[in-house]
Amino acid sequence: MSHCNLELASIIGFDGFVTNGLQVHPDNVHILYPLGNKVCIQNWASKQQSFLSGHTDAISALAISPNGKYVAAGQVNYMGFKSILLVWNFETHEVIARHEFHKVRTESITFSLNSRYVISLGGRDDSNVAIWDVEENHMVGGNSASPGTGGDALILCHCNKRELCFVSGGDNTLRLWRFVPTHNVVCGVDVKIGKLRRIITCLAIDWQDECLLCGTTTGDILKVSLNFDCKEDPRAPPNMLTCLAKIPKKKLKPNESKIVLYSLGVTAIVLLPNTPNFIVGAGDGAVEMVREREGPSELGPSRLRQPSLPRLDTIKCAKLEAGVTSLHRMNNCLIAGTKNCEIYCIDLQSFQVNLFLTCHSHTVYDVAFPHDFPSVFATGSKHDIRVWSTNTSKEVLRISVPNFTCSSVIFSHNGKAIISGWNDGVIRAFTPQTGKLMFAMHNAHNKGVSALRITCDDRKIVSGGNEGEVRIWDIKPSVQCLLAVMKEHKGPVTAIDITKNGIEAISSSSDGSCIIWDLVRMMRSLVIFRDTQFTSVAFFPTGVQFLTVGTDRKIGFWQVLDGSLIREIEGSVYDALNTVAVSHNGCAFVSGGCDQLVKLWKYNEGCLSHVGVGHAGAITAAKFSPDDRYIVSVSSDGGIFKWKCPGAGGSGGPTAPGTCSLKMVVNDRGDSKQNEDIHRTRENTPLTVSSHRCDAGKKEPVQQVESKQSTSTKPSPNQ
């Protein structure tokens with residue numbers, strides 16, 4: 001059946017683990033960076049985003065041609081398959097070239113000086129250099145990038161004066177290359193560095209192709225003479241001139257070494273025009289402007305000869321929160337990308353640091369909107385909860401709980417609290433404006449909280465845990481009481497949903513059961529069993545039907561009254577489903593799973609309407625905004641994708657936002673067959689009811705029942 005593509009509105013995220021993944025366009029207006037299998041082009045001033053698509057897996061390398069006309073990116077692929085390299089036209093966003101040469105992974109990409117040739121480097125399973133003619137769309141040639149005595153090559157850099165020359169560096173390998181397109185010849189010569197052994201992580205060639213600077217994991221910088229004459233070939237083999245280290249600023253003891261290395265290695269080097277100064281980025285987040293000191297170096301007394309010489313004077317310095325993976329100059333500032341998946345802007349004059357973009361660097365497990373308030377949404381991940389502006393896609397609040405993982409997050413219906421479940425078994429509530437802790441329900445579940453929902457009157461919380469229990473809590477401002485412990489599931493509770501009237505709740509589990517609970521009598525009213533691991537469940541807005549998804553790749557439509565299976569459709573061709581959500585007007589629902597596709601379905605027809613492609617990891621959660629204008633999906637790669645929902649604003653949608661305490665946050669920041677496996681039970685079987693009280697901030701043990709956990713394909717925050 002034919003379907004349309006979901007239109008992507010914006011992406012919140014940046015893959016900071018891609019070496020040199022953050023790029024600055026030569027027009028000094030746009031920046032480019034990878035997230036999942038897409039390349040995001042963002043206007044620096046207006047923050048407007050556009051996207052380059054075509055890859056099928058996570059992007060591992062990115063480059064822009066010197067004239068700014070082309071963008072090239074390579075990806076990771078499965079073992080035994082070749083990596084795809086795509087070249088786009090920057091203006092039209094159309095794919096103009098494609099080749100599959102490298103095995104498994106493309107490690108690095110660069111363009112020739114004339115922007116005609118794409119030079120790519122394969123990863124550990126390939127270790128070859130390939131040159132592709134973009135204009136003629138054919139392979140020029142290739143060669144092995146690593147010598148027999150060295151390791152894998154990791155990085156490429158083109159020359160600034162010679163169109164057919166480039167340099168590769170890596171694990172004990174450093175080579176100068178020259179290719180002849182007319183003869184399809186690619187040849188390289190090793191740089192003479194003697195007995196020195198270094199892993200090279202970054203390269204920078206000066207404007208005249210005279211000198212090459214190489215950053216190493218050791219923390220020093222190799223200075224190499226390329227020995228070029230007026231021709232393309234060097235007059236002599238390239239050789240190392242010196243190995244540079246920092247000059248210490250503090251007073252040293254008599255027997256203390258006078259050599260200071262960059263902590264966690266040198267990861268980026270940027271040369272500045274018309275000045276001998278250059279910028280160094282380090283693995284510990286340090287960004288420094290340095291200058292090489294002329295004259296002899298004072299090594300001081302030492303029993304061993306030091307290969308590095310203290311010749312680098314630090315002029316200015318700044319400290320980022322994580323290691324630098326990308327560093328480029330744009331106008332009068334530096335743009336830096338870090339391992340924390342954050343982008344910083346550093347002023348070259350004052351070296352003042354400003355945070356430009358931030359996002360999750362770990363799996364995002366849940367997403368939630370406030371009731372009837374589409375302007376913000378919250379996401380939960382490892383270490384923190386973040387609140388985002390829907391319109392600007394900017395972070396407006398961050399609630400940090402170090403070393404713990406948020407598995408579920410919801411808003412109270414009045415908008416006065418953000419309630420979250422964590423893998424340490426604690427349910428925590430925070431204020432939505434300041435992030436201050438309101439209360440903490442310790443020992444809520446002994447194996448971690450896995451699901452969480454709140455009734456429409458904000459008086460009861462229904463929680464699920466990895467031990468298989470469903471618990472009902474009475475919530476008051478000063479005290480939180482445990483009302484019932486419902487022990488029916490034999491595996492972890494994967495999802496919980498509550499009807500709008502707050503009378504019934506439904507829970508799904510990886511043991512293959514879904515149970516509807518009567519929240520008034522606090523007992524089970526219906527249970528269904530299937531030969532699958534249920535991963536998510538959702539009520540229809542009227543509460544007469546519900547949807548289920550699981551590892552069998554099926555989407556089930558169920559009747560609440562008698563538990564009959566109304567319809568079953570195939571939600572995925574080859575992989576498990578992890579999440580399902582119904583729109584507020586009941587016209588559509590969205591599903592997502594390990595196939596990395598966001599699928600929008602028509603509810604009544606049960607047919608696929610739109611598909612969203614972009615995630616590079618398993619989709620863990622997806623939600624409609626209260627006005628049904630957007631769909632927000634999150635995934636295991638840390639990306640947050642905001643999709644435009646087709647036909648938004650139809651009848652049956654929610655009313656306009658009313659008074660909500662979150663308003664200040666935004667303003668301040670911006671089918672049909674009977675199933676024989678269904679068992680209907682209307683006996684008033686009482687469940688374990690406890691009068692246990694959990695005061696805010698106090699740890700009191702509750703009755704705990706351990707059960708064997710099942711394995712689920714959905715990423716678990718408690719693993």
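Every residue gets a Cβ built from N, Cα and C, even glycine.
Feature annotations, courtesy of TrEMBL:
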- 357-398: repeat 'WD' (REPEAT)
- 442-476: repeat 'WD' (REPEAT)
- 486-519: repeat 'WD' (REPEAT)
- 612-644: repeat 'WD' (REPEAT)
- 669-683: compositional bias 'Basic and acidic residues' (COMPBIAS)
- 669-719: region 'Disordered' (REGION)
- 692-701: compositional bias 'Basic and acidic residues' (COMPBIAS)
- 704-719: compositional bias 'Polar residues' (COMPBIAS)
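The residues of the repeat 'WD' (357-398), classed with DSSP into helix (H, G, I), strand (E, B) and coil, number 0 helix, 24 strand, 18 coil. Sorting each residue of the repeat 'WD' (442-476) by its DSSP state yields 0 helix, 19 strand, 16 coil. Shown for the repeat 'WD' (612-644): DSSP residue counts in helix, strand and coil, namely 0 helix, 19 strand, 14 coil. Per-residue pLDDT, averaged over the repeat 'WD' (442-476), rounds to 89.
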